[in-house]
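Q: The following block contains the structure, expressed as structure tokens.
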């Protein structure tokens, strides 16, 4: 460097420019300026000249060749890549060389001004060129997308040029960092490095950090190098202020830099000691305007992420600067609120945690917790959700003080009713975290805690009473002395004045002075003052030289002497101030009492703490129980995540032994049928965790625990619950998750090898049946055991057990269904099998009995016979004959006796009547079961067998033809049309039609003709149905009605002939059981014979207004299935389903809600029906009041989510104002408009139809509804055009409303408005609605008259109008000889057939 020092110092100075163009012009001769920008073609040669100059002059060569490098920067985009890369590599070597040279120069003491100026200019030039090259390469790489892309093109280029910019950045940044670590201050006058130089060096770091891929893991070395360079600039060159501004700007404009700068700040704090930069950054963010952040969502997001992650890395430093950020909690940006609340949570977890906090820290902790609790009610759902997540973390890490436990639990329970799905989900998670981390107990049963709490409270009260008593007895001796002193002084005076009475103290023998002292104290405590004074006088005379009397010197006043002596003895204090030790007697007793005071005091404190602990545990358990009822309702929400969280919550609740958890565990069972795989899997996992992993030692003990848990779940369970549980157990048994020991234990219980109750035996066979659904061999291999043990002679004693045995055996048949294309014969047992003998015997023996379970057992047994027996009709015919014979024998004697006595059939009511009804009930029920199972057997088993045999025959025929000669095959293939048809599949299709027609003809013509046994029971069933007055037994009527429905299922002709009787009974019967059974049967008939049932559809809808809740529930279920399966035409009568949304029964409301939810998934179904539903329900004759109507509409309009639907409904509702005739209808229409999520298009539609409702705005209720619509639009409008539309619409509304009020005020009271003559007033409408209550006569409620509010439709036929006007003259008679016609609708009332519903198949399976 000696040569460099001899160079002449230039007369100019290099000033770092703000822009590159500034170097092209000079403000004076002392400022360097570029003389010439070289053309591109000369750059390579000039660069070589610079390289040669560098070899000779070193880093100072830049002083002569700066123009060359500036020209490369100027033409950077057009310069060849090799030239740019060579320039970068050369400048890196130059700066490295200059850095090494400066190390020695700056350390030397003789640094002359000229040499300093020379190197300062060279340093600035070199750094300027290198930094600008780095920025140019970074910009080019970002523009071309090379950085961060592993493409083949890039790999080829990198191989050819050996240059990859990603790999070049880190060494250059490290070189610049090394340069900045030198003592560069000496190169500048005043030892202060100019700010432009520092900004130049740090600018390339910020530029690199702006690259979105810089946060990737593979760019970590480059990122750390940039961060370290900035750290050196902070510490050595006072770059903190500029860095603060730059960081905040980048956080505002680049979303990806927040984590990068969190990493940078953490490193600056730890390695460079720059804690103050955290405060500067937070202060800069805190000074941002909340309103601007609300408008700048991107900037607010960057700040929010930075704050939240910085609080995780440096919570203590953020805590000291938290005050500058708190005001953002009142801002409109919910992201900033979330970030600050998350920062508070991190401080609570990492800094303000524990019990050893100082008072100031404890106060700050409480303030943060108060803030978090307050924001659980934030106006923004994302903030509420975030706060609940933060509380979940706090609870999981046990950082929540116990004093806050109950308050936060209450907040979580209240958030379960939040309108935001995310908030509800996080509230459930928080409650689950509270349960898993509760400090109270592993068992939180309210009942157990209540008993324990009462017991401990009683114990606490006893301790308090004892302490109160002890406190009353133990009084300080000084206070007692002060209390007795006046009386004692008087006694002393009295004793001194009567000297002769000294002898009354008795003789005092010489003894121990201590004993005398104790005796004096006892006398004083007994208030025997006189004896105590006399004894004290005698003792003073006797023990003058002994303690405690030795210290008591006589004075001239003997009274004061005696009082002082007595005081000394009583208080136990000597004149010297010492304490007298207690002796025997009373003093010893008092000492023991005083010594015993401390243990009771500590015991009382412990008991108070225990009671408070139990009180908190009880309060927590009550809140969890309250939450359970809310969470259980969420299991059927539309959000999958909420359902999964609800399931997880009940799993945790069950593990903590809360009894009410069983309700939730049962409630989740139907979700096993969910179409969502996530929900189904959640249910399986829940039951897997609850029941398949029982605790216990041996495998036998675990199996016993599992069986007991499942048995508890099945106690009092409904049929639906048992079906769902069966699906879950079947799934487990298929996956081998249930151990063989469990199956073995169940078999032992069923066979009574292990001691168990009858209920446990019943549950065992039910569980075995459920497992057989997954593995039929569980039952199939033990069929003989089931028959012998389950269907023995004890069956009449327990038909329920026998029914479950039949259900378990039926699982064998359910898995033996023929598969299409398979020719295997179906699984059948011979007629002589022991199973069918036992079933026949059980049915026949119990036929005349009074067991209420005989009918369900018989239904299951008959179904089992048809499933498994060869020739089941013969077995069932034999059973019917035996039971009929028993019935005739039983009924023959009473009828003969009655005939002889001449009494009327209804005159005698006694045991014989009940027996007759019971026999008839059993008989018609059995006949109906056989009829239905015979139909199912024909359409399923026989049809499948015919198909199987046909396929076998066709296969044999194919094989026979294949074995024929080639010549015959050719002749057949060319000339046989039958072969061609078979190849085309026509033969199979025609054969299937032939088989189906055969089955249909058998059902239509043979099953119920006079030659068949079943036909003998038809007159009996019809007679019972036609004479409800005589056959008034409820069970008999219900059985006959159900049997009638089953017989109607067989033949379309029979069904058509008896539909009038069928629907007459459904409408007129006074027995709810009859109406329920017929409604179920009607649903099956509507699927099997839709053309016959379609004209009677209004009678099906009428059951939705039945006064009996079970009937309404059944009707809702049936109509739901029919409508969703498109078996019933959906008309305006679907409004009856909508009316169920306000049913008093919660279960029926849930069914109606589920119906509309499913209907809404079928395209525009709800949208198409909504206008007619509104028309019918707003009619005063519908019986729906205004408030219930609004409840219904809120539910229905929640399914309108599409903008086009909204716009169309706005137009339709506005136009209906013209046809509405009552004020109530005006109110309802206006309210419906408030439920629509209007947009600008909807508002334009409303303005286009303003004339339809403008004259109705004088009504205050209508006007207020439109005002509500305006208010919502104002909150949503963001565009100026929208605001203008809203203002214009508001002016039109006010104008019409005010004009209407003025016209009403100017109208004389005696005159009437022309329109009012044809429109009832509101009071009339309300009276009409009130008079026709929900449970009005069913015929009137379901009449088919056209509503004046309904959009006009084509008129119905004359016959239909006649039906709607006439009343049904149906008379139920108790006379036995009433004819069939008397109980049926008249011919005029029979609905005429309308357009038939086409059937998808000739054979409809039930």
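A Cβ is built for glycine as well, from the same backbone N, Cα and C atoms used for every other residue.
TrEMBL does not curate its annotations; it predicts them automatically.
Computed from a predicted structure; not experimentally measured.
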Q: Scan 543-572, 573-602, 603-632, 633-662 against TrEMBL and say which stretch is down as region 'Disordered'.
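A: Feature region 'Disordered' in TrEMBL: residues 573-602.
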Q: When TrEMBL marks a stretch as coiled coil, which of 418-445, 446-473, 474-501, 502-529 is it?
A: 446-473
Q: Can you say which of 871-890, 891-910, 911-930 is given as region 'Disordered' in TrEMBL?
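A: In TrEMBL, the region 'Disordered' feature sits at 891-910.
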Q: Looking at 931-954, 955-978, 979-1002, which stretch does TrEMBL describe as region 'Disordered'?
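A: Of 931-954, 955-978, 979-1002, TrEMBL gives region 'Disordered' for 955-978.
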Q: Quick one: average pLDDT across the domain 'Condensin complex subunit 1 C-terminal' (1074-1233), no decimals.
A: 89
